[in-house]
């Protein structure tokens, strides 16, 4: 059980499947609502696997320390945080492709995490390099993730909040970029993808304005994590509609010998 700042982490019990977790002062995570409940089979899998693989992030007052990822995963390995993991298609595929990297999937709704748990159950949960957090990703970054601890942060297809009056709700604002940069290790990677041109411009401006982040070209630079991802349902939908997916990548200034060896 982990305490830190305004957050309290515990096994995910007692929540309705469509119950959002309270947000922090920074922009709340822009994850599309998943309003329908989970199935009986998903609930049974949840009850069996969640105590080992999951944490529930709730607002609380006691101070404490961030999640001990070494204890949680049972090893010392590079850690990637995926924000808005949805049903976990990308999460599982990328984790399987990089067994030496540990992945923490964060989402604000239980339904997607339940789908990911079922997918994990099908391939076998023993030794799986994935853990799950049900909660607001900004709160998790603030209170459950230590500074200089992540080799990567992935944000695939966050809600673009297209109306101008809703732009303040977008996840990837300058303040969030600064928080992500603080949590990345030197040479750690921020990988974002969107099919919304306006949001892509917004993300690009916010990332380029963060002094600790620098744009990278994955075709010419050695990165500590893979940036090859499977097509998501949102990407396929965009392609069918004639849209294009825009990939945005930055790395944190600085480089360590460990970072280059973990690939």
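Each residue, glycine too, has its Cβ placed from N, Cα and C.
Annotation comment: Swiss-Prot describes 159 as active site. Within 10 Å of the C-beta atom of residue 159 (active site) sit 18 other C-beta atoms, taking all shown protein chains into account.
Counting every protein chain shown, the Cβ of residue 136 (S-adenosyl-L-methionine binding site) has 27 other Cβ atoms within 10 Å. The annotation S-adenosyl-L-methionine binding site is assigned in Swiss-Prot to 82, 107, 136, 159.
The Cβ of residue 195 (substrate binding site) has 19 other Cβ atoms within 10 Å, all protein chains considered. The feature substrate binding site is assigned by Swiss-Prot to 163, 195, 232, 233, 234, 235, with sequence analysis given as support.
If you look up Swiss-Prot, you'll see 1-39 marked as region 'Disordered'.
Around the Cβ of residue 235 (substrate binding site), the number of neighbouring Cβ atoms within 10 Å comes to 20. When the binding-site residues 136, 195, 232, 233 are ranked by how far their Cα is from the Cα of residue 159 (active site), 195 comes first. Listed binding-site residues near residue 82 (S-adenosyl-L-methionine binding site): none (candidates 163, 195, 235; Cα-Cα distance within 10 Å).
It is 17 Å from the Cα atom of residue 233 (substrate binding site) to that of residue 107 (S-adenosyl-L-methionine binding site). For the S-adenosyl-L-methionine site, whose annotated binding residues are 82, 107, 136, 159, the maximal Cα to Cα separation is 15 Å.
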